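Colleague: A single structure is presented below for examination.
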Amino acid sequence: MESDKVLHAANFSTLFVCMVLKFPQIFVLMRAKSTTGVSLNSLLLELTGFIVFVTYQMYYDYPPPTYLEYPILIAQDVILLLLILHYNGSLKQSLIYAVVFMGGWQLLTVQKWIIDLAMSLCTFISAGSKFAQLQCLWQSKDSGQVSALSWGMATYTCFARIYTTSVTTGDMQVLVRFIVMALLNSWVLATVLYYRKRSGEVQKKQD
């Protein structure tokens, strides 16, 4: 009974956090009207990983509470993508991305081996998105437009999903993905906070 309460709490808290997870990043971009430090490639890879993951879960009829947050995250990522393209002056490319993602989503469920293969690559795709964001931060040395709160919440949801996956489906592919994502999200968060702190120290010296 106690384990059921913990499971429900983990599922509910993950869903709640994911409902607002990208909002801090969206608000930061809208306020700054700049995408410095925010990686477009990272967002595209993350969106791809989300689509593959939720499609895999639905294909195998996994319990909806274990993946219900992903359609919400996909919608938020789409908003972020449009904002980044807008501030980069390339909003017209959004139509191309829409066609590619919709076509790819339809292709995933044509054959069982396709969705299985895509899921086996999903961890590498999602990991690639984190490394792309890290590379962007290392190059710009500026995390002013990157929301530490969004990355902190993303880290929490991964740790919560490690627990919910282990006590429900026990799917090793899914479990490994969440473990890797938890570690990489923590790395990105630490990098954002490091550059934020360094920027503050430089500002103090200038003052």
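Don't overthink the numbers, they just go from 1 along the chain as shown.
Quick reminder: no glycine exception, Cβ is built from N, Cα and C everywhere.
Quick paste of what TrEMBL says about this protein:
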type     : residues : note
TRANSMEM : 6-28     : transmembrane segment
TRANSMEM : 40-58    : transmembrane segment
TRANSMEM : 70-88    : transmembrane segment
TRANSMEM : 95-115   : transmembrane segment
TRANSMEM : 174-195  : transmembrane segment
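For each feature listed, report its degree of burial, its nearest neighbours and the pertinent distances within the displayed model.
Modeller: Remote same-chain partners of the transmembrane segment (6-28), defined as residues 6 or more beyond its termini with a Cβ less than 8 Å from a stretch Cβ, comprise 38, 65-66, 68-70, 72-73, 76-77, 79-80, 83, 145-147, 149-150, 153-154, 156-157, 160-161, 163-164, 167-168.
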Colleague: Considering only Cβ pairs under 8 Å, which range in 40-58, 95-115, 174-195 makes the most contacts with the transmembrane segment (70-88)?
Modeller: 40-58
Colleague: Would you mind listing the long-range same-chain contacts of the transmembrane segment (95-115), meaning Cβ under 8 Å and 6+ residues beyond its ends?
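Modeller: Long-range Cβ neighbours of the transmembrane segment (95-115): 44, 47-48, 51-52, 55-56, 59, 81.
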